[in-house]
């Protein structure tokens, strides 16, 4: 990713996604960021981010489109309207005790610009027209600070249509190589990888146990519990969405309940060198691999006693929602933390990993 600063003057799952696809609600009335996507050539785009607010912001970089790691920065829909599979990483990041390099500063009126080759992180398999856009909510600190304000700034870009030649796109180096059929089979044979040993194995097993227990509780509540509480996190309480959320929680509970079977491989070592200082864990959806980073073990408690606090079991839950082997489609990271998820539409909340983790946390702690 090339990054520059411009001085400025300048199952039921599918049904539920269809039910909220035309959600007319705006995710915020007065966004402070203007995001514009422009096509460069075949599969390369430029993303320009302008702070149109009245003051500077210290934007959380990790896990957002500002992150230099191959996280999901845009959404792509191909010929026929099908969503194109993302082949990079989805991560959960710390929301406290952050270092300065976890942020990107942007002054009022300033524009940040970077390039992205969408073929490096998307599974493009044929030539044709592709629609590309991005939206979400980014937590921020005040300029000069590394303490998040508890608020988030929403963004929604324009949508562009690109004519992509598949033969050219397939030559682009992938951020994370796709697995062969043999590798996929080997991954399915081992549930908890052998690199999880000692205290890391103990912590991971304890988190899996609570993940299974609390995901079951969340599935029941999502299906037939308090509608107002459900709507707080998913922006609607219609039956289709509740069934979809309940089904995802049930699938996560099943995945967390075994260390020898399942669709994902769980690792305790950073095989893909994607653990930055503020990264708790990440998922490679194209490989259904979940990785706990060092901060998962050293920073997080097993079980937080704080409403909307981060801990090991909810981070495991968060990551498993990303994996398509658990439920298709896997979730994305549209907003980290309670303040960000509050600004999402129903469609974005349904697709947001942290919405599930935050809802489960709220149920357990009776927030």
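Including glycine, each Cβ sits where the backbone N, Cα and C put it.
The signal peptide feature in TrEMBL is assigned to 1-18.
Residues or ranges marked as domain 'Lysine-specific metallo-endopeptidase' by TrEMBL: 215-361.
Neighbour count (other Cβ atoms within 10 Å of the Cβ, all protein chains): 28 for residue 322 (Zn(2+) binding site). The annotation Zn(2+) binding site is assigned in TrEMBL to 318, 322, 333.
For residue 319 (active site), the same-chain residues lying six or more positions away in sequence with a CB closer than 8 A to its CB are 90, 92, 281, 282, 283, 290, 353. Annotation source TrEMBL lists active site at 319.
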- Message: For residue 322 (Zn(2+) binding site), which of the three DSSP-derived states applies: helix, strand, or coil?
- Response: helix
- Query: DSSP on residue 333 (Zn(2+) binding site), three-state: which is it?
  - Reply: coil
- Item | Zn(2+) site, defined by 318, 322, 333: further same-chain residues with Cβ within 8 Å of the Cβ centre | 90, 91, 92, 283, 319, 321, 331, 332, 352, 353, 354
